[in-house]
């Protein structure tokens, strides 16, 4: 630790970072060779620490003895590539699969951390190829499965390694040690190895990241805590498995309950935004605008349908309350929702379950509530599935739009046209005697107040005419402006 502090404070003495563990190793080996720490460690511990434990345990007690590495086989492992046992493959398949998954997760975790510390790009595919080649070579010589180790990577990083060449140097030193120095390293105390590993790993514990996660996202902080505690007490494999399992549960939950929003028009613009984020956004009576911000598939199709139903029912309730306030004397006729517009810009994918849900929703709205479903700006992949499933024809090709502004203009125009026809029919039924009286008292409902620029082509349609509209025209879908 002292050499690490010196190296960080004085850059020209950076070499002391690697010299510290080496000096400590040499000193411990010399002590073991001269005074036999393994057998007589208790006597020297008592001498230098003045511990009263020595009086209880005795001078030769194993309680204060210093365990060492002991015997290390000398030489290189033999080639075992010719020793194949096909009968063991089915029995080992599950174990091998788990080793591959956990080993790769551990390797990528430490690699990403070091890449973040040293600010360089990490290629996960090349990491996987490297691990595969290392395991293939190791298997030919009867070696253990090869993964990126937390402890050894930390020690390598603390030694000042800057590139993959350090692994070549390390492998060369290990080769020389196996051939010539096994008897020397056999006298190395295990506590020394533990101290080197702890000194290297402790720098990888990022407390600032934990504080940041707590301040920004509590759930991510809980995953961090589970990974940290699991790795600390249960081992790297179980700790990473727990963290990955919780992360997968989060992914499943978020995909099953995707974000949706009810939209309104920002005053004076052609932009439509979430009414929760922009409370001043304008909504049109009789029209419900909904945006889905995720792919729609079997896991979340029903949830998306429920959210659309919820927005529709809320709009219906608002219309009823407004009608009661404005027409206290005559409550026989209530303005209903006539159009539901789905904005699909953020929907990158849609499967058959979602298509069936949309078809069922379209038919239900039309049959039970006389509501027309409109779709806005699906991407080419989604559009192709809509056409192939026949949903475009069921909804109506004139109800597919490039932009929300175009769809709103179309719906307002349809509602206004229906209201004009209804008024003309009422005049014909009332007859000439009451026509003037009816005309004087007739007023346009609140829901039919139209913007001044109704019928104008939206800016989006003009700007994107050669791109987005072309996609719809290629497959025969009409676009209304």
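Cβ from N, Cα, C; glycine included.
The feature transmembrane segment, as given by TrEMBL for the ranges 221-253, 254-286, sits at 221-253. Of the given residue ranges 31-53, 192-214, 307-329, TrEMBL assigns the label transmembrane segment to 192-214.
Long-range contacts of the transmembrane segment (221-253) within its own chain (CB-CB distance under 8 A, at least 6 residues past either end) are made by residues 102, 105-106, 109, 150, 205, 209-210, 213-214, 299. DSSP states for the domain 'STAS' (277-411), grouped as helix (H, G, I), strand (E, B) and coil, give 69 helix, 21 strand, 45 coil.
Away from its own ends, the transmembrane segment (163-186) comes close to residues 29, 68-76, 156 of its chain (Cβ-Cβ under 8 Å, at least six residues beyond either end).
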